[in-house]
Structure formats: structure tokens, C-alpha cells
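Features reported for this protein in Swiss-Prot:
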type: ACT_SITE; residues: Asp706; note: active site, proton acceptor
type: BINDING; residues: Val591, Gly592, Lys593, Gly594, Gly595, Phe596, Gly597, Thr598, Val599, Lys616; note: ATP binding site
type: COMPBIAS; residues: 282-308; note: compositional bias 'Polar residues'
type: COMPBIAS; residues: 440-450; note: compositional bias 'Polar residues'
type: REGION; residues: 17-45; note: region 'Disordered'
type: REGION; residues: 264-378; note: region 'Disordered'
type: REGION; residues: 401-450; note: region 'Disordered'
Amino acid sequence: MDNNSTLNNITITVASSHNNTTTNSNNNNNNNNGSNSNNNNEQLNTLSNSITSLKSLNISGSGVITNNSEVNTPSEGNITPLPLLSLSDALSPLRELYSCLYVGDIRALMSNQYLKFEENEKIRILGFPEPHLEIDEKTQKYFSYQIIEFESDEDILSIAKSFEQYSQLILGRTPTQPVVIQECCFGLVLASIYFIKYELFSLPQAHDLIGYNDFFGTSKKHSHFEKVDSCTLINDITSYYYNNMSSKRKTTIFSNNISFTNLQTTTPPTTTTTTTTTTTTSSSNNSEQIESTSKNNSSGITSPTSIKPKNKVGLLKKLFNKMDKESSNNNNNKEKVEKIKEKKESKKEREAREAKEEKEREEREKEHQLALKNIPPAELYKHHMEQIQKIQKQQIAELNATSPDGGNDLSNGSNGSKNGNNNNNNNNSNNNNNNNNSNEPNSQHQNHNPITNLMDQELIENYDDGSDRMKNSKTIISPNFESLPDEYKTMVKTWDIKQESVDEHFEIILSLLHFHTKQRFYSSDPTNLPDKPKYYNVGNVCGNCTPPMILDPAGSGQMVVAKSFYKRPFDQICKKPTNEMKKLYTFREKVGKGGFGTVYLVRNNMDKSKSRIAIKKLPHVRKKEKKFNVKEIRVLEFTNHPNIITYYNSHMLHDEVWIAMEFMEGGTLAEASNQYPFQESNIAYVAREVLQGLAYLHGIQLVHRDLKSQNIMMTTSGEIKLIDFGLCANLSKGERIRMCGSPIWMPPEMIQQKQHGYTCDIWSTAICLLELANRNNKLRKNPIKTMFMVGSEGIKDPFEDPHKWSDEFHDIINKCLQMDPHKRPSAQELLKHPFIQLADNKKKMGKILSSIFLKSIVGI
């Protein structure tokens, strides 16, 4: 027997049993159940067993489950009452998108009468009006229903009116008041994200972006709307609506009504007063209901109870039909063209194509073999340069072929002139030439080409592999540029640095070559130079770094002076693997990947207070990896501050280390700077939180040394925390001289391979704040050239729009970007700067960050 038949039999059994034992039943019920009066005990036993089986099957949502208060009336001794469900039990069958945000069938949820929540617990539901849904008075207090209803779908602006309240409902959820989105409404919520993403929190802005009657223009009244194509925006909304919502809604309601029809047609018509969802008395009425519901659903975004005239088609429907036809026509045309090409292709052409593919495979294999061989870095660099130029030429040729105007703009932009094209094709020959004038067009081309712009950054990450061949490489002595080997001169010329600057700051060029290749470069014989100490006396470079005050780790609740950092044995803080690791954690999804490892969202099965955590998986094979992993775990285990990510534990598994820490719902500063134009008060808030974390680190004699926008986490509740401590150093012995960190954020003393201390983090903080102010950071365009500029002269013009910002902001940035590290203020001194007093409060910042990361919150 299928589920629908089982439910139907139970419904009839309850009705007949109840009508046979109740004196106030009507005549129809008495007639229908008169033949069953002698079988009450047998029916009640059957009912009890069926309810128990239904509970194990977790059947729900068809609107036929009977009212349990009346089911238990006849003979309470023979029936075991179902256990009451808590909030977590009621939410368990639903699909969790993010913390406290679920999608599922609200009919089954709201018709469940076995609910027992705590006093302050309530489920907030977002969905369409449900005309057939009747909530029992006992469970009504557990729900708050937000109805999605639009006056008309003729105008996209009428839809935009309600987006703000829906987003605020989602953002305002808590563990005690989670939000459940009706399954068929999920597509509409996805569509609203596009408006929230472009800050459409008011109707005038929606008017300005989309226009009153023209849906194919682009508004440029607001600077952050310039790149928004309103036509694409509407198409995206329409696609999401019809793909994710309309079909689901039709299927859901249609299947529910079909189940009603099956129930009514398989048994004699019986009126059941005990069901929470009212059913009709005949199959013909159900058919009419199905037909009317389908008409309502086919009319676009509208209330299920309203029916649109046949001759009136909604705007979204028109747009979707047009887009659907265009896409189908394009697909058909593509298939036809491909078939014609296949027919026209001769045997000789097919052989040539196969030979070309074989050659490409051989080249890829050759590149792989080259990477494995013990070859000098310069040769590997040359090989990669050739591959990059080859890919670059292919992409330019493809773009020129597909461009509607023949690609003239692209050609002019990349080559400058017809002669510039020849320079581009003969790039290698020009690079081997010492004539700098012949290489200038190429340099300009590289600055404007995204492939070449990212080349230096890619090489920096790929060549710093820490292998033994780098350490055992020979020392190169070169007093000037002309005495460098040819392969390194070629490398320097690709950096787009003027020759007079190269000659003037040749020591910095040697430092950059060392950073690039891990070869040792000297301008004179190192045996004649005095030995450099590994550590330098800290002196005044650290500033006035007094030990910070923190909450007592023992739990007394009092503020105590933090102890200086000390190393604990690694085997005491990193647990060994156990056979129950799978029972401890359930991995859900990958949420991030960096240069050191991969981060996963994980459910902690043993500790419900820390149910959602993040686990960072780090390779633990090479000596360099082990060094960084041990350092990061020691720092995380020792630190205890609100602006530093919370550490839970770590595990050693084979050739990996797992670090378990708090999961931060939000994103990085780098992600936020690309999605939102931060105001000065917002930037001051970020500066204050970062400086508080640095003041704590410096107070316990630690320096981060890899502070960048990707290592600053921001949460939807307004928290700012520092992460990634693999390069963190203990300065209790003195300053370091090692060149490390990321190019854009590296201070000048580190680029010059001089001693560095706490104030290297101050420089990096200023660069992060400039990312928020400038957004399109010009420092990223050429990382190596930026490093040379920082090492030789610093950053002279930090702001792209200096008139936009206050004198306080200019002052704090100028103090942080002092070339002399001794002149930079400490983190504690900067916290007293007037700029910090402009900071927003945490509540306001939480709302801003929530709107920034709303896209990830709803799971798209």
C-alpha cells in the first residue's frame, strides 16, 4: 500500500471511530460509520500502529494528517501519544542553507501539532499565502508568517518594494528565531539578492537603475551603478524566478492536490472534521481547484488566490518567453553550424587538427617534466614566459575574430600601432636586446593587459617552493646591472622599471631577484662583508608595546596582564589521530583555499555549543610546511583576544594537520572592498579593530608579518578578526631580517632585507585601509614594480581621490607609511589617533557587513 492510501485509511478510521463515539456527530457521519460500530477496538489498534509507522517514515505535507487531540479522545489507554518535538527536532527534516536559515515544506511544518518550543523560541516563515492551511491554536504561537504578495507583475518596481523587508527578515534571524523559506519561494528570494547586492534599499534608486518604461538602458547617475546593465539584471531575475520558483511551486501545489484527489477517489466521500487541512467533498471540486491553482501559478509573480485575465500577460512572463526563444534559436543555430563544419572538414584538415592537438598534449607533458627536473630557475622562468606569451597571442586572436568591429580597439589598445604589433610578436628578441627604447612599447602593453599584469604575482607564488635546489643554488655576485647574467637582465626588463632607477637602486633589484628566484645575489664578494647577525636588538623600533590586559583565562572574569608568548611542545597541543575522527566531525563544504591550505565548514558532532566550526587542512610533509604549521598552531593555541580567531584544537592525520577553529559567517576584507564603497566611518571601525588585535600581539612580543586583506575576516555581526599566523615571529630575541609576506603589503625595510620589527604590521595595516578607500587598488597592477617603488621611495600618493577624505585619515595613513620604521607609531599609539574616534558602532557595521555578504548567507 502506498503512502497516500495509508494516510487515507487512517483519516477514515479516525473519522469513523470518532463519529461512532461522539454524541454530537451529524447524520451523515452516523450513517457512514454505523457499519463499523462493532470494530472500534480493532480500528484503534490499527490506528496506533499506523501512526507509529508514519512517524518512522517521516511522512508529511499532504494536508491529510488528522488532528491528534481528537484521535486520542476515544481510548487513551490503548494509544501511546507521540513525543513532543523541540525546535531543533522540528527543523531537522528541512534543508539548512546557512546558520538558522532553512528551506522546506511549510505545510508539513505548520500542520504538525506535536510541537513544544521554549518560551522565547519561534519560527519565522517567509512564503506565499496558503488558502488551504489552517494552523491549530495550540501551535500558532510558535510561528510568525511573512506573506509574499505583489499587487501586480506588470511593473518590476512593484516587486522591488518588498525586497527590503524580506532581506531584513533573513538578516535578523537568530538560533532561537530561525527563518524558514517556503520551498516554492526560494527562487524569488534569490532574485531579490541582485537588488540587495546593488544597494537597492529604496524605490527611487530602483527607478533610477531600471528606468520607468525602458528596460534596456543603463543608469549612470550613481558611480557604483555604472557597470550595472539593467537588461542583464532583469534577465537574471527572470531566469532565477522561472527556474527555481515557478516550476517548484506548480509541482508542489499540483502534487498536493493530486494526493487529495487520489484519497477521495479511492474511498467513499467522507467529511473529516479532524484534519488540519480542509479537504473537499468530491473529486470534481478537487479538479476545479487544481485547474484554478495552475492558472494562478502560470501568471507570473502573484498571489495564488488571484486570477489574471487571459488577455493580460505579465512583464516577467514576456521577458522570460523572449529570452527563452532567443536562447533556443541560438542553440539551434550553433548546432546547425557545427554540423555544416563537420561535413565540410576534409580528411586532410581533420588530420592536421589531430596533429595539432597531439602537439599541444606533448607540450603540456614537456612543461610538466620541466617542472620536475632540477633546472635553474632562470630556464624555468623563460619556459613559462614563452607559454604565457603563446596563450596571450591566442586569446587576442580569438577576441579579434569574435569582436563585432574586427577587434580594432583591442589591437590598438594592446599594440599601440602597426609597428607595435611587430614588437609584440618579437617579444623574446626585444627582451634579449639591451636597447631599452625598443622595449618600451612592450612595457606599456604589459601594464594594460590583465594576463601580463598577473604574471609577476603568479611567478612569485610559483617559484617560492622552498625546495633544496633553491638552497643549494650558487651565489651570484654582480656589482651593477650590466654584469648580471643575461637571463636575469631579461627578467628585470619585464618589470617595467626605468633604467636610471635600476642603476640608482641596484641593491633593491638584487633583493627582488632573490625574492623571485631564491638565488643569493650580492653586489660584492660576501666573504669580505661583515657577518650579519640573525637577530637585531629591538630597541625603539617596537614602540611603547606594554603587555596588554586580557580577561583571566582561568575564568575569574577579571582583567589580568597577558603573559609573554612561549613555545609549548608540539605533541602537547596537536592531538594524534583516532579511529573516531569520522564520528567527531562531519565535513559539509569547502569554504576557502589559500597558499597554505584549504578551509572547510564542519559540523562538530560531539559539542553542540560549537556545532559549526571551520577546519583548516594543511599539508605536513616538507620541512618548510612543518615549520609554518607548528608556528601557527602554537600562536593560535596561546592567543586569547576578541580580534583574533578562536582556536579549538588540532589533529595530526598522516601527512596533514587539521586545525579546528571558530567558523566566521561573512568574508574577508578583500571580498568586502570589491562589493561595497566604504565610508570613512566604516574604515575607521576596521582600523580600530585591526589595531586592537595588533596591540595585543605586539604586547606579547609577536609580529604577524603577513597582514593583508585576505587575512582579515569580517563577520555579519560586525566582528573583525586576524587569521593565518604561519609567518608570525617571536621578537623576544630581537628583530628579524628574513624577507617574507605578500608583495603588495610588504614594508620597505623588509624589501631592502634590513631588520624589521613590530612596525612592519603598521605599514601593512595602512595598505589594507587604502584598499577600502581606493577599491580599485593601483598597487595590484604590477606587484614587482610596486615592491621596487616601496623599497626605493615609499608610497608618495596613497589616495586615488585625496579630496574625498578628511585630514585625520590623511594624517594616520602618512604616519603609518613612514619609510623609517622607527618613526612609525605603535598600534597602541594609533588607537588614540583622532581618526579612530570617527568609527561606527558595531551594530551599524554589522548591518553593512550583512548586506555585503548577503549573497553567501542565502547559499548562492
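In case you wondered, yes, glycine gets a Cβ from its N, Cα and C as well.
Feature map: Swiss-Prot annotations on the structure.
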residue	record	CB count, 10 Å
Val591	ATP binding site	15
Lys593	ATP binding site	11
Gly597	ATP binding site	24
Val599	ATP binding site	18
Asp706	active site, proton acceptor	24
In whole Å, how far does the CA atom of Asp706 (active site, proton acceptor) lie from that of Gly597 (ATP binding site)?
15
Per DSSP, to which secondary structure element type does Val599 (ATP binding site) belong, with helix, strand and coil as the options?
strand
For Asp706 (active site, proton acceptor), which DSSP three-state class applies?
coil
